[in-house]
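Sequence annotations record features per position, and here Swiss-Prot assigns domain '6-Cys 1' to 27-172. Under the heading N-linked glycosylation site, Swiss-Prot lists ASN28, ASN147, ASN200, ASN228, ASN242, ASN265, ASN322. Look at Swiss-Prot and you will find CYS31-CYS53, CYS67-CYS138, CYS81-CYS136, CYS179-CYS211, CYS225-CYS286, CYS236-CYS284 tagged as disulfide bond. According to Swiss-Prot, the GPI-anchor amidated asparagine annotation covers ASN322, on the basis of sequence analysis.
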Amino acid sequence: MIKLSKKYCLGISFVLYILLSVCEGHKNLTCDFNDVYKLEFHPNQQTSVTKLCNVTPNVLEKVTIKCGSDKLNYNLYPPTCFEEVYASRNMMHLKKIKEFVIGSSMFMRRSLTPNKINEVSFRIPPNMMPEKPIYCFCENKKTITINGSNGNPSSKKDIINRGIVEIIIPSLNEKVKGCDFTTSESTIFSKGYSINEISNKSSNNQQDIVCTVKAHANDLIGFKCPSNYSVEPHDCFVSAFNLSGKNENLENKLKLTNIIMDHYNNTFYSRLPSLISDNWKFFCVCSKDNEKKLVFTVEASISSSNTKLASRYNTYQDYISNSSFLTLSSYCAFITFIITSFLSFIL
């Protein structure tokens with residue numbers, strides 16, 4: 001039996017951990033200009049350099065940009081990236097993303113230096129319009145001295161190492177199976193309700209407004225409440241009310257994926273699992289004091305046949321994003337590191 005040295009085992013664990021971590025970062029739809037698409041200047045660099053990070057996420061996946069740190073003085077453009085985006089690679093046509101891609105939600109920011117955002121991310125919204133790209137930029141700027149023909153400094157100029165983030169927003173073939181309680185004609189959800197119109201027509205009717213959707217394996221589901229309403233339960237899609245009105249943890253019954261709980265915009269999304277073993281009904285509520293409750297009910301149905309289920313499942317397998325690999329590689333990296341580190345101490 002070959003006996004491995006501690007240094008050798010630790011070396012293996014370190015290399016595997018780094019390789020899998022790099023793979024993870026790529027699969028996680030992250031444009032990392034600090035460590036992957038580096039924007040550092042090379043010695044004697046005289047011209048600007050551009051690097052492109054192109055990502056093609058699926059709906060509801062998270063895209064992240066890392067631009068600068070406490071040691072890297074990079075600038076993100078626009079500074080409000082993901083709230084605002086550019087519509088072209090030449091940093092023109094600045095758009096508010098909620099107007100450019102209707103249904104956008106879940107922006108997250110992280111600042112490692114004062115008054116500067118270094119990391120941003122957002123979830124890819126359901127999009128019924130044709131596929132479209134959006135852009136943000138990360139820049140590292142430097143002023144250099146240009147020597148004249150005699151070798152003496154003659155002028156100064158700025159050079160820029162620029163990272164371009166190109167995100168292709170995919171297009172859905174059908175609307176999200178869900179309820180929009182803010183408009184009678186929803187651009188995202190399959191059903192729409194205008195609360196003002198309903199209230200005017202039925203001012204004396206105190207019955208709650210119930211919107212029911214029938215969904216199957218892998219279907220996108222969701223709802224949107226008016227801005228002055230609250231959502232019950234607060235963590236809808238993690239938990240929900242059953243038909244008895246009891247709040248239940250859905251993970252014990254129906255493991256939903258790609259959950260987005262955007263309380264700022266009162267918009268919630270999720271996806272049904274690829275396998276549903278039994279019919280299941282649950283609901284969440286938009287509520288406001290002294291107003292009718294707006295009830296979003298989901299009837300999740302077991303597939304009618306194994307053939308149909310297999311067909312839907314295989315179709316979905318092609319659609320599954322690289323984030324599944326991310327989770328696997330994360331565990332592999334961690335477990336590999338632990339095992340090889342342990343071996344280094346016992347061998």
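Glycine is no exception: its Cβ is also placed from the backbone N, Cα and C atoms.
Mean per-residue pLDDT, taken over the domain '6-Cys 1' (27-172), amounts to 90.
Broken down with DSSP, the domain '6-Cys 1' (27-172) shows 5 helix, 71 strand, 70 coil. For CYS138 (disulfide bond) paired with ASN228 (N-linked glycosylation site), the C-alpha to C-alpha distance reads 37 Å. Rounded to a whole number, the distance between the Cα atoms of CYS67 (disulfide bond) and CYS284 (disulfide bond) is 38 Å. Between the C-alpha atoms of CYS31 (disulfide bond) and CYS179 (disulfide bond), the distance comes to 34 Å. Within the same chain, residues at least 6 positions away in sequence whose Cβ sits under 8 Å from that of CYS67 (disulfide bond) are PHE33, ASN34, TYR74, ASN75, LEU76, ILE117, ASN118, GLU119, VAL120, CYS138, GLY163. For CYS179 (disulfide bond), the same-chain residues lying six or more positions away in sequence with a CB closer than 8 A to its CB are PHE189, SER190, LYS191, GLY192, TYR193, CYS211, VAL213, PHE223, LYS224, LEU294, PHE296. Take the Cα of CYS225 (disulfide bond) and measure to each of the recorded positions CYS53, CYS136, ASN147, CYS236, ASN265: the nearest one is ASN265. Taking the C-alpha atom of ASN147 (N-linked glycosylation site) as reference, the shortest distance to any of the recorded positions CYS53, CYS81, ASN228, CYS236 belongs to CYS53. When the Cα atoms are compared, CYS286 (disulfide bond) and ASN228 (N-linked glycosylation site) turn out to be 9 Å apart. Look at CYS286 (disulfide bond): DSSP puts it in a strand. Nearest to CYS136 (disulfide bond) in space, judged by Cα atoms and limited to the recorded positions CYS53, ASN228, CYS236, ASN265, is CYS53.
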